[in-house]
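Below is one structure, written out as structure tokens; the observations come after it.
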Amino acid sequence: MRELQNLLAEEMADTKKLIITYVVTVGPLAICLICCMCSYLMAFTRNLKAHAGSPLLPLIVHSYRTLKFNYISFSVFGICAGISMLIGNVFLGMFFLRTFGILAWVIIWYVAMYQIVISIISIHRFINSRQSPELRGELTLCNVYFLLFFVLLLMIFKDIGMLVWIVVIVVKNNIVMEKLHTVMMYYSMVYISHQILLFIATFFQFCISEAPKSHSEYCVVTHTKCIGLVKMILGAICFASYLLKFETTIASTLFFGIDVFLVPVVVQMTEIRTKPNVITPTEIQKEPLKV
């Protein structure tokens, strides 16, 4: 009995340490996301003309709508859930908490989808840059729409398949730690495959000497480089922690959990700091010639 109590005490201490480390590390990104939201929304409206006509516009607009609606709602419902629990209104708190969880899952889908899509676009850009001008194939709006829907469906069906498998286990009363470990390994391997694709795309972006042809392409290039470099550094730290067997839980949690705030902050900062030169056509008025 005493050994069990000691084990639970160690687990509680590790969990508390993990939460504190995650909040201290990711907290500044969350604060930056909230503080820069108004500036980002104004900057996007200002730069919208520069995005017009680009085949990457669906991807840019999807990110804008996700940050404007999902992330703001995510923050509001999270704060409301915390306040409701503090004042003792459990029913209202659970409602806010469930909505918060649904929005969190939607944001996780967006973050995973966005990293995969910009990685594929970056790899396509690298392959295109190695072709002669006559053989180059440019992306179209249909290509980008198809890529967005295809990757999003992959994310949804991946989670639905895993959810069905978990329900079958629960119905059969066959819940063991090995099954839960299998679920964690499944999601870890899928996530690492996404990150490897992002690392390859980041490396390819630094190998391209050509400047982006549009503001939207510049945003995708910057997002790929910034997100990819940060994840490479965190991946190296995580790998080193497993080799040294030092704080592996904290390192892996930061590597897997930072995307939720890293991706939107990079999107915000790129749009805020960039001021593209947009040439506004002037209307030429013809006046009758006076003789």
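A Cβ is built for glycine as well, from the same backbone N, Cα and C atoms used for every other residue.
Lifted from TrEMBL, the feature list:
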- 20-43: transmembrane segment (TRANSMEM)
- 71-96: transmembrane segment (TRANSMEM)
- 102-123: transmembrane segment (TRANSMEM)
- 144-171: transmembrane segment (TRANSMEM)
- 183-206: transmembrane segment (TRANSMEM)
- 226-244: transmembrane segment (TRANSMEM)
- 250-267: transmembrane segment (TRANSMEM)
- request: Give me the stretch from 102-123, 226-244, 250-267 with the greatest number of Cβ pairs under 8 Å to the transmembrane segment (183-206).
  value: 102-123
For the transmembrane segment (102-123), sequence-distant contacts whose Cβ falls under 8 Å of one of its Cβ atoms, 6 or more beyond its ends: 56, 59, 62-63, 66, 70-71, 73-74, 77, 139, 144, 147-148, 151-152, 155-156, 159, 191, 194-195, 197-198, 200-202, 204-205, 220-221, 223-224, 227, 259-260, 263
